[in-house]
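Asks: Sharing a structure below in C-alpha cells format, with a few things to ask.
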C-alpha cells in the first residue's frame, strides 16, 4: 500500500510539473519583445504554401514529430554533429520529414526583427498553425487558434526516443491509444490529431503493406493505389498518394469519411474505424460532423503543444535552429 501511495504521489508530482510548465505559456508572450512575430511567421508560411500547398501539411507533421520526442522543444530541428545524434535520421523521420528550410527562413527573418528573443520551438508551433489556416483559406474551410507561446529550445536530441515514441504507419489502434496516452493525450485527441491527414500525402513505402496485404480496405481503392506502388520495395518507394482521397487540399472531415468507407491510405488510418479500441465512435462522429472535428482538433493541438515545454531558464533561444548556441 505504501509503495502504491508513493507511486501515485510521484505521478501527481510529474503531472503538476507538466501543468506548471504549460501554465507559463501564453498567446501574448512576445507581444512586448517581438510584436511583429506572428505576422513574420504568417508571411513566411504564406510564401511556402503558395509555392507548394503540401508544405502546410509537412510543417504540421514536423511539429507533431517534435512534440512526441522530449516535448515541444525543437529537438527535431537539430542537425547531427560531433556531439549530437539528431532525430532527422531516425526511422520515422528519414526521407520523410521535410520543411526544415522553411523554418530556417522564418527564423532568419525573426532574428533580424527580434535578435535572440524567439525560440525555434515557438516558431514551429506558430508555423504549424498557420500552415493549417493558410491551406484552409485556399479551400475556404478549416480552423485556427491562439498558439500558446513561451517555449525554449533544447540543447539535446534523442534519435532513440524518435525511433520508439513516434507511432508507425503500421500501428494498431491499441498501440496508437497507448502511444498518445503516454503523452497525456486521450483517444479523442488521437482521432482528432489523426485528422491532420485530411491534407498532405504519404509515400508508397508507408502504404504498400496496407494496400497489398490488408483486408480492411476498399478493393477498388487498393487497386488504384497499387498502380503507383509496386509490391516490392525499390523505385516506387517515393511515389506519393493523397492521404485524403476525397478532398486532398481541403482541411475538412473528408479524411474520416474516407476511413469509414475503408479508403484509409495507411494501416494506422484504417485502424481508427472497424478495429475496435474505443475509437470507432469518435471517427464516425467526425465523419458526420466536420464542425465537431474542427473544434476538437484545435483542442488537441493546444494540448499537444503543451507537452513538456522548456520554460523560464531551462533550455535556450537558439540563434540557428539546426544547432545549439
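Cβ atoms here come from the backbone N, Cα and C positions, even for glycine.
What TrEMBL says about a protein is an automatic prediction, not a curated fact.
From TrEMBL, here are the annotated features:
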SIGNAL    1-16  signal peptide
DOMAIN    24-325  domain 'Plant heme peroxidase family profile'
DISULFID  34-114  disulfide bond
SITE      61  site 'Transition state stabilizer'
ACT_SITE  65  active site, proton acceptor
BINDING   66, 69, 71, 73, 75, 87  Ca(2+) 1 binding site
DISULFID  67-72  disulfide bond
DISULFID  120-321  disulfide bond
BINDING   167  substrate binding site
BINDING   197  heme b binding site
BINDING   198, 244, 252  Ca(2+) 2 binding site
DISULFID  204-229  disulfide bond
Asks: Would you kindly give the Cα-Cα distance separating residue 87 (Ca(2+) 1 binding site) and residue 321 (disulfide bond), rounded to the nearest Å?
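Replies: Distance between the two Cα atoms comes out at 13 Å.
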Asks: Counting other CB atoms within 10 A of each CB, which of the binding-site residues 75, 198 comes out lowest?
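Replies: Counting other Cβ atoms within 10 Å of each of the binding-site residues 75, 198 gives the minimum at 75.
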Asks: Rounded to the nearest angstrom, how far is the Cα of residue 87 (Ca(2+) 1 binding site) from the Cα of residue 204 (disulfide bond)?
Replies: 22
Asks: Using C-alpha atoms only, work out the spacing between residue 65 (active site, proton acceptor) and residue 73 (Ca(2+) 1 binding site) and round it to an integer in Å.
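Replies: Approximately 11 Å lies between the Cα of residue 65 (active site, proton acceptor) and that of residue 73 (Ca(2+) 1 binding site).
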Asks: Filter the recorded positions 69, 114, 167, 229, 244 down to the ones within 10 angstroms of the residue listed as 'heme b binding site', Cα to Cα, kept in sequence order.
Replies: 244
Asks: If the Ca(2+) 2 site is taken as the center of the Cβ atoms of 198, 244, 252, which further residues of that chain fall within 8 Å of it by their Cβ?
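Replies: For the Ca(2+) 2 site the neighbour list reads 195, 197, 199, 246, 247, 248, 250, 251, 253, 254, 255.
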Asks: I'd like to know which of the binding-site residues 66, 87, 244, 252 sit within 10 A of residue 72 (disulfide bond) at the Cα level.
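Replies: Close binding-site residues: 66.
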Asks: Rounded to a whole number, how many Å is the Cα of residue 34 (disulfide bond) away from the Cα of residue 75 (Ca(2+) 1 binding site)?
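Replies: A Cα-Cα distance of 23 Å.
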Asks: Taking the center of the Cβ atoms of 66, 69, 71, 73, 75, 87 at the recorded Ca(2+) 1 site, which other residues in this chain have a Cβ no more than 8 Å from that point?
Replies: 65, 67, 68, 70, 72, 74, 76, 154, 157, 158, 161, 162
Asks: Around the Cβ of residue 120 (disulfide bond), how many other Cβ atoms lie within 10 Å? Please give the count over every shown protein chain.
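Replies: Result for residue 120 (disulfide bond): 30 neighbouring Cβ atoms inside 10 Å.
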Asks: What does the structure give for the C-alpha distance between residue 71 (Ca(2+) 1 binding site) and residue 198 (Ca(2+) 2 binding site)? Integer Å is fine.
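Replies: Cα-Cα distance, residue 71 (Ca(2+) 1 binding site) to residue 198 (Ca(2+) 2 binding site): 24 Å.
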Asks: Among the recorded positions listed here, 34, 69, 204, whose Cβ has the fewest other Cβ atoms inside 10 Å?
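Replies: Each of the recorded positions 34, 69, 204 was scored by Cβ atoms within 10 Å; lowest is 34.
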Asks: Take the Cβ of residue 114 (disulfide bond) and count every other Cβ within 10 Å, whichever protein chain it belongs to.
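Replies: 17, counting other Cβ atoms within 10 Å of residue 114 (disulfide bond).
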Asks: Report, as a single number, how many Cβ atoms besides its own are within 10 Å of the Cβ of residue 197 (heme b binding site).
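Replies: There are 27 of them.
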Asks: Rounded to the nearest Å, what's the C-alpha distance separating residue 229 (disulfide bond) and residue 252 (Ca(2+) 2 binding site)? Just drop the number here, would you?
Replies: 26
